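*Asks:* Have a look at the structure that comes next, please.
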Amino acid sequence: MKGTNASTLAGFILLGFSDQPHLEMVLLLVVSIIYILTLMGNTAIILVSYFSPKLHTPMYFFLSNLSFLDLCFTTSVVPQMLWNLKGPDKTISYTGCMIQLYVALGLGSTECILLTVMAYDRFSAICRPLHYGVIMHPKLLRQLAALAWISGFVGSTVQTILVFQLPLCSHHMVDDFTCEEPALIKIACVNTTFLENELSIASVLYVVIPLGLILVSYGCIVRTVLRIKSAEGRRKAFGTCGSHLIVVVLFFGTLTSIYIQPKSKYTQNYSKFLTLFYTVVTPSLNPLIYTLRNKEAKW
């Protein structure tokens, strides 16, 4: 098929479930409700963490960053998704698609690093409690948060430039709800081996390595907690990590299914549901998980 970048200037067509209009109506309602809950829940986390002096701790500093990130992430994809679900118009402009890919990749990569930083915070609190206040001082908190945000968007810049340099097929139909990198690569009219290898490298840097560091941190935490003689002490120690661990499992579990698993592992419709889960559902669950499992954050 003849490839051209000029035709894509008119935009892309995000197919989603356009062949199942009844399912789209159900998704429109469900996604709208979840999006509202996401906005309310994450905004509440930020406000409570800011205005409550007892929550001015490293854990809630990073949690506020995570909530702000989730607000930005869902807002970068959900409004366009709702617009496409409500009717036959499934288009997104070329510039809009580029911005959506850049922002979503940047925020997704940032969340991977931020969750790793939060695991280090929990490691410091449990494995080095006597030095915790010295280790996690305010300057380091700001530096770690800045590292997460900057590194996430550096990687996103490189990937977005590479994707939109590809000659794209004239039909410019993206078989997904959003401008996902794997979906955009599929409509390229050239050999994409180099870009697929680059995506694999990015997946290792932003998914595999952070996940590995998180697992190492929790391995050290488990070893330390098991040495605590008091059952109540062990329960309390594990309780401080439970919320973060659940969020890690939900986020990385879905992300690895999309970016790490072989292409033939799932059907395309199943991949779309995975995209829906990590772009819509996961950000809405984070405030619920933290407030249910942490007494300090309940309001």
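Note: Cβ is positioned from N, Cα and C throughout, glycine not excepted.
What TrEMBL lists as domain 'G-protein coupled receptors family 1 profile' is 41-290. Per TrEMBL, the feature transmembrane segment maps to 28-48, 60-79, 99-120, 140-164, 204-226, 238-261, 273-292.
Quick one: where do these features end up spatially?
*Replies:* If you look at the transmembrane segment (28-48), the same-chain residues 6 or more away from its ends with a CB under 8 A from one of its CBs are 55, 63-64, 67-68, 70-71, 74, 78, 81-82, 85-86, 276, 280-281, 283-284, 286-288, 290-291, 297, 299.
For the transmembrane segment (60-79), the list of distant contacts is 31, 35, 38-39, 41-43, 45-46, 49-50, 100, 103-104, 107-108, 110-111, 114-115, 117-118, 121, 141, 144-145, 148, 177-178, 247, 279-280, 283-284, 286-287, 290, 296-297: same-chain residues at least six beyond its ends, Cβ to Cβ under 8 Å.
Sequence-remote contacts of a segment are chain residues at least 6 beyond its ends whose Cβ falls under 8 Å from one of its Cβ atoms, and for the transmembrane segment (204-226) they are 108-109, 112-113, 115-116, 119-120, 122-123, 126-127, 152, 155, 234, 237-238, 241, 245, 248, 252, 255-256, 259-260.
Away from its own ends, the transmembrane segment (238-261) comes close to residues 59, 66, 108, 111-112, 115, 118-119, 122, 125-126, 180, 182, 199, 203, 207-208, 211, 214, 218, 221, 225, 271, 274-275, 277-278, 282, 285-286, 289-290, 293-294 of its chain (Cβ-Cβ under 8 Å, at least six residues beyond either end).
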